[in-house]
Amino acid sequence: MDPRTKERVERWESRPFSGGKDALTTLADDTFSGAVTAAGVWAFMLNGRIVGVADGSIETLVDASGTIYEAPADALPLLAAMQTQGGDPRAQYYTNDTALASVDRKLQQGSFTGYVELSEQVLSGDYYLVYYGGKRMAAAYIGNAERLLTGDEAFERADDEIGIYSVIDVDISVTDVPGHASANETATTSPEDAARTNDTAADTAAGTANSAAGTDSTTVAGTGSGDRLSTGESTDPATAVTDTDGPVGQDEPSAGRTPSDETTVNATGTDIEPSETPEETRSEKVADDESVTEDTEVSYSDTETGTADSTAAAESTNAGGQPEEEPATTESTADRPGITTEREPTESSATGITTGEDSTGGDRTTVSGSASSDTGSGDQRTETAPTESDEHDERLKEEERWRETRQIPSIDPESSSEDTNTQSSAGRGSARSQRGQSESDTSRSQSQADSSRTRDGPTPADVASTEQALRSDMLEREDKIDHLTQRVTELEETRKQLVRERDQLQSENEDLTAQVSQLQSTIEELEAELERVKSQPAPTGGDAPATPTESTPSEPERTLTAQQALEQTNVFVRYGSKSQPTLESAHEGEGSRGDLDRNLQLERHTQFDAETTAVDGQPYDSFVEASMQYRFVEWLVGTCLFEIRETGNAADLADLYDVIPRIDRIELAATVSLEEDDRADVPDQVTFDVAAFDKRGTPLVVANCNDSRDPATKGMLEGLEADASAVCANYPDLGAAVVVTSSFFDPGALELAEEVTTSGFLSRSSKVSYVNLSRKQGYHCCLVESRSGGFHMTVPEL
């Protein structure tokens, strides 16, 4: 049993199964619909009858105990039985080309047995239409949770979907529960069994057992007496001629078709004066190329004693009399459009006609009659259209080919022939004996003309060939569409890759251009210095004078420690020209890194005279430009924004990317006031090695630096995270907190960075390395390494 089908069945409401025939009989009496499993065997039941058994036999299931699963809808056990048994895939369609509703109508009209599955290229769920004898039931499993829908709601949802659906033909055998009394007491228990029951009853009444292989079963019996026709209530068995369209083998999906009405009229009775003589009764039926079609024509001659009007498809008139045995001739014809079956009674005074609708289900009418002319007042003639032996053989061959052909109803309107109207006509004549011969000749001529008239239609082989061609064309178009779609995707990826390579090369070109400009400037300075030295007078004696670079600098007027010098230093972000590239224009994707470097100016402001101040024994300018804090400031405003933009991380690092253009002032060894925070665990102020502010003094970026050979530890990161979170709680515009080291980060620091940026239910997946303080408030936590004079962001990786 298919695991998916089993899983769906096991979700039904269940209860224990005690085993034994009595338990199954109880389910049959309760018209149970669902599944029963025991000892690994599965039995599917619909309205108390078994529609399928899987993984064993019903006898094994009867002897064991197990579980009963009651289906929430009648369609489900029948669908499970069909899926478990497996079927023959007949066709596959795309909903945009062939609507599901049109196929549904064809399958119902064709008494189809099987199911339609709409699941391929459908995102919303799986949809099923289950058919038995043309009756349709629907079910659907919606979403990943497989929410069940049934009935019209499931069908309407399926009809609105877009995807590929398959038509599966399944041969289902419906059996009674072993030992159930209803198997022999009830002729029919469901609409699906009505066809077989009616056919069996008709054969029993006629006294003939006929094969249900697509031929006509005909029984003729007659009674007649007297020189007048008698009609009245039926007291004796009447003449009956029965045409029964049976299933063509076990493979025909319409084997369960059932005529909806059957009427039989028997005749004996009282004398009436005849007024008309029947001359011709003709019943012609032409169906679609999927249906069984037959033309039946029976002709009658006059009797001298009277006539009666008869219309084969509308009314039945019975005539009764003394029994008179009449032979019957039955001719089997192929159930194909345009083929006529004729019956020739050799010498008849009583006739019976039964006409049956095609497989779509129609009315069946039986007309029985009797008449005789034992007074010898006239001759009775019966004329039938002649049939050539070679034509008969050809029809038999066509019938054999038709039986070997099997197809589902066509869904192409152009491949289906129009239904022809059933025509019935009767000639009328006088009861006078001298006019009988003339009217009989006219009837015979008309009968011959009608019997030779046929309607041509497409053969099943033509229909199958057309469907195969259309299906092949559809599959070819789908393959071409898939190929073109794949090609478009490949070209799009190639284009994106080329754009990235172009941007990267352009950036490298700009960097090299800036480096060349810097080197040229250095060369010019050195050349100028060389010219100045050459222009000095030569020494007159003694030791050569020291060059300016070797001259002893003047003694500084003031000496500061490194911490003091940094605390009293502010760096301002300014530009040579606002019309040239700025951080704002670079944020919008304009300008290059080289253009910004040439226009960007970092102006230092100190609270002391920088030219006369020494820091730890070296000039202030040399000290501050070599410090890690100042070099980080240069990287932050001159390089970081371009690295984020060019690597496509502008959205992932949105908070940091958006605050860089707002930086106006940067403090080294900065202090941020938190006096307005009333929380007990928050200090009045916190310090950072670097803090960037906007024009209003709002902190935008804070950073701590580790300028030693030892790796940055977990403790350093914990302290920064605590201080930065306190600042962000009071200044929501804070974009990032950065730890900078000249060595590397130990594993504890990396683990802590991952922990603080991913923990909590407020973590946002759209931003990387992000510390959430609330649903709308947080900042990026970044780790930067400084080696070989440059800076590289390692968390997050760019």
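Just so it is clear, glycine is given a Cβ too, placed from its N, Cα and C backbone atoms.
In TrEMBL, annotation is done automatically, which means it is predicted and not curated.
If you look up TrEMBL, you'll see 181-494, 500-519, 531-560 marked as region 'Disordered'. Among the features that TrEMBL reports, compositional bias 'Basic and acidic residues' is placed at 279-288, 392-406, 473-494. What TrEMBL records for 298-320, 347-358, 439-451 is compositional bias 'Polar residues'. Sequence annotations record features per position, and here TrEMBL assigns domain 'DUF7527' to 560-798.
Mean pLDDT across the domain 'DUF7527' (560-798) comes to 89 in this model. Break the region 'Disordered' (500-519) down by DSSP state and the numbers are 20 helix, 0 strand, 0 coil.
Under DSSP, the residues of the compositional bias 'Basic and acidic residues' (473-494) split into helix, strand and coil as follows: 22 helix, 0 strand, 0 coil.
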